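Q: Handing you this structure, nothing more for now.
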Amino acid sequence: MKILVLNAGSSSIKYSLFAMNDRRVLLNGILERIGESIAIHRYHVQDAEPVNLEIPLANHQQALQTLFSTLADSGAIRNGELACIGHRVVHGGELFKQPAVITAEVIEQIAGVIPLAPLHNPANLQGIKESMRLMGNVPQVAVFDTAFHQTLPDYAYRYPLPADLYIDHGVRRYGFHGTSHGYVAKQAADFLGKPLTELNLITLHLGNGASACAIENGRSVDTSMGMTPLEGLMMGTRCGDIDPALHFYLSRSVGLSLEAIETLLNKQSGCKGVCGENDMRILHDMADAGDQTAKLALSMYAYRLKKYIGAYVAVLGRVDAIVFTGGIGENDSRLRRQCCEGLSALGIVIDPDQNQAPDQTCSAIHSTDSTVKILVINTQEELEIAVQAETCLDALR
Ligand code: ADP
């Protein structure tokens, strides 16, 4: 069985084709700069040289036509071989607690959630609509970033705000990166040889965006991102938790417009705001060369992360494992060490040697006297979307 996973953004579409029998990637690629005069199509067919093309792509329709032609021309799928298309959808609101087979009604429901994710859902939806138009004969499934966190209890997801804002306007915490948190939790359970339903985990997805998740008996009970992906940890360009009254100050005293504040907090803050860079590799190089702003940004990042680890130990009571994942979580040994430093009282002790070079897919980096296991797991969100799409279709058969 072959499943295609699509992640449609406003100007790019990422895709991966999986052979589900052995979960191999047969072909993956990205169509970028859709709508600009010259777009780029980069793809890689398994066991072949990567391809990099400059082509005109006026819109998502042309981009998807190109994608489906590539799948056919490369021989990656032959007639009737594509069993399903899985679509990443950022926001499912409270409606979607599970993946959903795409129907006209589901499309309408995803559109209904657009006010909650105005930057992401419209592009996801555009990808879905075009894909349904071009490949309507293939079953298609929407997999939501928010769904994994729909198990949060009300005292964790509600904001201390007037109730009608929640009831009438959906103002609450939703959480994101759910596909990744859910995937690494399952991998951790496999690695530890225990049922997920018996495990308490703290999963840390640290990429350009970053979030922490408290998982109790396999279910998400708290997570650091909120109504939007701006809340929580300090990130590459997003501020994470700040005093909400800052907005008034930025408006009244600094004279920034609402739009300027939105851009500032989402795109010019976090590591970039503190030291001018948001790639952790560059931050470390700068810090090694003596740059004080980069040192400060790294200390702030680790400190804020450590506070969430402490908070989630309190939430869970017993923690079986902490899982690091995402580009930073998987690769940045110094940051892992820094945010676990001084946590031996909580039973969290890293092994410096194991931490240095963890295995590519899953490995343990805790010391023998650590009561909490510390794991580094390579997240595979696209594969997880394919697996969830397959499971969703199987349930209907
Ligand atoms: P996204 O959230 O866009 O999926 P990734 O999970 O790929 O991002 O993470 C990207 C980030 O991972 C980069 O910005 C970079 O800071 C970090 N990163 C990648 N490799 C390393 C490394 N070897 N050391 C430290 N950080 C790294």
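Counting starts with 1 at the first residue shown.
Backbone N, Cα and C define each Cβ position, glycine as well.
The Mg(2+) binding site annotation in TrEMBL covers Asn7, Glu381. Summarising the annotation, TrEMBL assigns ATP binding site to Lys14, His205, Leu206, Gly207, Asn208, Gly209, Asp279, Met280, Arg281, Gly327, Ile328, Gly329, Glu330, Asn331. According to TrEMBL, the substrate binding site annotation covers Arg88. Residues or ranges marked as active site, proton donor/acceptor by TrEMBL: Asp145. Here TrEMBL flags His177, Arg238 as site 'Transition state stabilizer'.
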Q: Measuring Cα to Cα across Lys14, His205, Leu206, Gly207, Asn208, Gly209, Asp279, Met280, Arg281, Gly327, Ile328, Gly329, Glu330, Asn331, which the record gives as the ATP binders, how far apart are the two most distant ones in Å?
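A: The two farthest binding residues have Cα atoms 24 Å apart.
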Q: Looking at the binding-site residues Asn7, Asn208, which sits with the largest number of other Cβ atoms within 10 Å of its Cβ?
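A: Top count of Cβ atoms within 10 Å goes to Asn7.
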Q: Taking just the CA atoms, what is the gap between Asn7 (Mg(2+) binding site) and Lys14 (ATP binding site) in Å?
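A: The Cα atom of Asn7 (Mg(2+) binding site) is 5 Å away from the Cα atom of Lys14 (ATP binding site).
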Q: Which ones in the same chain are close to Ile328 (ATP binding site), with CB under 8 Å and 6+ residues apart in sequence?
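A: Correct list: Leu206, Gly207, Ala210, Met280, Leu335.
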Q: Among the recorded positions Arg88, His177, Arg238, Arg281, which residue has the fewest other Cβ atoms within 10 Å of its own Cβ?
A: Arg281
Q: Let's check the environment of Glu381 (Mg(2+) binding site): how many other CB atoms sit within 10 Å of its CB?
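A: Result for Glu381 (Mg(2+) binding site): 24 neighbouring Cβ atoms inside 10 Å.
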Q: At the level of the C-alpha atoms, what whole-angstrom distance separates the residue listed as 'active site, proton donor/acceptor' and Arg88 (substrate binding site)?
A: 7
Q: Give me the non-local Cβ neighbours of Asp279 (ATP binding site): same chain, 6+ apart in sequence, Cβ-Cβ under 8 Å, ordered along the sequence.
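A: Within the chain, Asp279 (ATP binding site) has Cβ neighbours under 8 Å at Gly236.
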Q: Between Arg238 (site 'Transition state stabilizer') and Asn208 (ATP binding site), what is the CA-CA distance rounded to a whole number of Å?
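A: Roughly 9 Å, rounded to the nearest whole number.
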